[in-house]
Amino acid sequence: MSDDNRVYIFDTTLRDGEQSPGATMTREEKVRMARQLETLGVDIIEAGFPAASEGDFQAVSAIAAAVKTPVVAALCRALASDIDRGFEAIKGAQRRRIHTFLATSELHMQHKLNKTPTQVLDMIEAAVSHAASKGVEVQFSAEDASRSEPAFLVAACERAINAGATILNIPDTVGYAQPAEFAELIRHLMTTVRGAGGVTFAVHCHNDLGLAVANTLAALHAGARQAEVTLSGIGERAGNASLEQVVMGLNTRPNYYNLTTGIVTEELFPSCRRLSGIIGQPIPPYAPIMGRNAFAHESGIHQHGVLKDRRTYEIMTAESIGRKGAVVVLGKHSGRHALDAKVKELGYALNDEELLVVFVAVKQLADRKQRILDEDIEALILEKVLRRPDRYALQFLSVHCGNVELAPFAVVEMQVEGQTVRHYSAGSGPVDAVFNAVCQAVGRKPDLEEYQINAITGGTDAQGEVTVRIKDGTATTVGRGVHDDVIMASTLAFINALNRLAKKEEERTCPQL
């Protein structure tokens, strides 16, 4: 298959994906995800928006230094100062790209930019030319392209090409496009824009109408060769096109698309699990490809067919996306070498000290649980090793509840910014009592917007995974806690969310595409 059939995967999980409410990541977490994206085989990592804040600049710089194979892209507004800042952030990368953008729809030009079409074209030329002078790849995105006048969009693309852009991105910024018309728009641009033969056309689709993946695949079928996607489809509002769905859409229909990617599909599930653990947002059970129901069959007719031949109701294998679900024979008498091998198989690189921490946790869990599964080990790694340093830490918890007239109450002892504090509080139930006591200890009272419990594995001795979403003012964060005691898991999740809230970087204006 020729290079003309190669689709380049541009992952924007660390930039657009992070704009999903509650999905904020620290610099260290972004670096960990970037390394996993490199293992996954993505071609381009959009590391962030360096001009937004010093924290974003430092994160992009750290990612640029950490990965070797992917191109590292910095998002910049069509401003020389943004482009200079972006270049400084990625200059340590082995392969670099400046991604600059400007809106081209009448709505955006008039009401957001307050610019005339002529002024916008001049800004595109100036920004792309300035970026090209840095000696790096230059990508231009026409924000809100799907609602732009086609003739003006052609003019904007031509101005960008003449100024030095080699990648033209056509975003469906608000998820407005329909697959057939979006494909036609791509074909129109590729046949009408002067110089189109020398550039790569890309698409960046949002999911407001649930069509992000369909629009992306339609555009690729029409000739676009770069797909801008995120793991699990996380992103602004209803999210972005899902990386795993786009890739497996191409993989399962080779005779239709005749397109390939460089993605190692066996790393898809580990990558989505890794992201889920970092941002504290569980993968929905009904999520295509990644959800726990994706390879489950309840109907008797379906079960009969699958038992005869899995291809009757499965269009891909669980193994092809890295879902193994194997039982790990680890327990009280297992050694560190066995654990080390399993940790590496799961895709984690732990030093001796970190491995010891997980080993002790596995031993403790084995005292309470008969079988230790892959999911258990990964949950312990995320909980014990990869959790961000905490401003608030739980030291002691006691909860009383029952069917007596005494209201449920909780006693917590915590480290709060280096000081030990102890508080008692009652509540309408044990979880409410714990949350009230924790709030008193840390001195803040956020609103609890969401509370979810999931069993990581089956059985009455399964570890419970609790996810909470809290809001304090305009700031929203998600926390995650894992324990075989649901009350303890709930407490850990709430404290994790409070830590994320406390460490959230200064508010910044996030760009749209």
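Placed from the backbone N, Cα and C atoms, the Cβ positions cover glycine too.
Same-site candidate for Mn(2+) binding, as annotated by Swiss-Prot with Asp16, His204, His206, chosen from Asn5, Asn215, Asn240: Asn240. Taking H, G and I as helix, E and B as strand and the rest as coil, DSSP gives the region 'Regulatory domain' (393-513) the counts 31 helix, 51 strand, 39 coil. DSSP classifies His206 (Mn(2+) binding site) as strand under the three-state reduction.
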